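These features come from Swiss-Prot:
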COMPBIAS  37-52  compositional bias 'Basic and acidic residues'
COMPBIAS  53-62  compositional bias 'Basic residues'
COMPBIAS  84-100  compositional bias 'Gly residues'
REGION    37-100  region 'Disordered'
Amino acid sequence: MQVLVRDNNVDQALKALKKKMQREGIFREMKLRGHYEKPSEKKAREKAEAVRRARKLARKKLQREGLLPMKPKPAFGADRGRPGAAGAGAGAGAGPRGPR
């Protein structure tokens, strides 16, 4: 992978490289290859991902057809870039779905 450095601006080039790597899915693949995944676990994960994609596609289709209400967009600047920032218990080690 290659990125041009313009005017010795390394920060901008690094940002562009990270963006390219994110688009290519390199970070995700590194995370998956960080440890061994049994074939049965891989199969289960891929099946779950396929189900998730199908549900998302169906939900989007229903929203386009007007059968489901559109998800309200947050006000500009509200909780941008902070997953799980809104909601109760988000600061006490709870994930986006709450404590487990």
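Placement of Cβ uses the backbone N, Cα and C atoms for every residue, glycine included.
Note on the compositional bias 'Basic residues' (53-62): DSSP counts are 10 helix, 0 strand, 0 coil. Applying DSSP to the compositional bias 'Basic and acidic residues' (37-52) sorts its residues as follows: 14 helix, 0 strand, 2 coil. Outside the compositional bias 'Basic residues' (53-62), and at least 6 residues removed from its termini, the chain residues within Cβ reach (under 8 Å) are 68.
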